[in-house]
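Lifted from TrEMBL, the feature list:
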| type | residues | note |
| --- | --- | --- |
| DOMAIN | 3-38 | domain 'EF-hand' |
Amino acid sequence: MAPSPDQLREIFNLYDEELDGKIDGTQIGAVSRAAGLKVTNAQVNKAAGEEYKRVGQKRITFEEFLPMYEQLKGEKAQGGQADFVEGLKVYDKEECGRILGAEIRHALMALGERLTKDEVDEIMKGVEDGEGMVDYNNFVKKVLAGPFPDE
């Protein structure tokens, strides 16, 4: 469910570190994701433009953010569980529903919008069995549930 305008402003204000009614342009994606959008960095760059790529380069008001948020809200949602499971099946050579955790780590750090080692360690926490294997159906469910699945 999309946040109300008041809730969206409240989310925006959480990222206003200088308490001047503005956020840094590099936080457009973070605010949009906090508001429930599942957008890629490429989508954010397309909606915001190149001038918002460097920290401290440009600060924007809520009123300036709103049209960017609306554009991002209209973007096609990125893949669902079945899509991600299908993508991970490429690594399942034995067709047993499990793949090496090292292969997932490599894919997350080397392909697409690359994650850092610390980000990958956080995602992989508790998903590998004693043999270093990961049940990729459960892994995808865990990732899609987000960092606070019980909320």
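Backbone N, Cα and C atoms are what each Cβ position is placed from, and that goes for glycine too.
Counting residues 6+ beyond its ends, the domain 'EF-hand' (3-38) has Cβ neighbours under 8 Å at 44, 47-48, 51-62, 65-66, 68-69, 72-73, 75, 77-78 in the same chain. In the domain 'EF-hand' (3-38), helix, strand and coil residues by DSSP number 20 helix, 3 strand, 13 coil.
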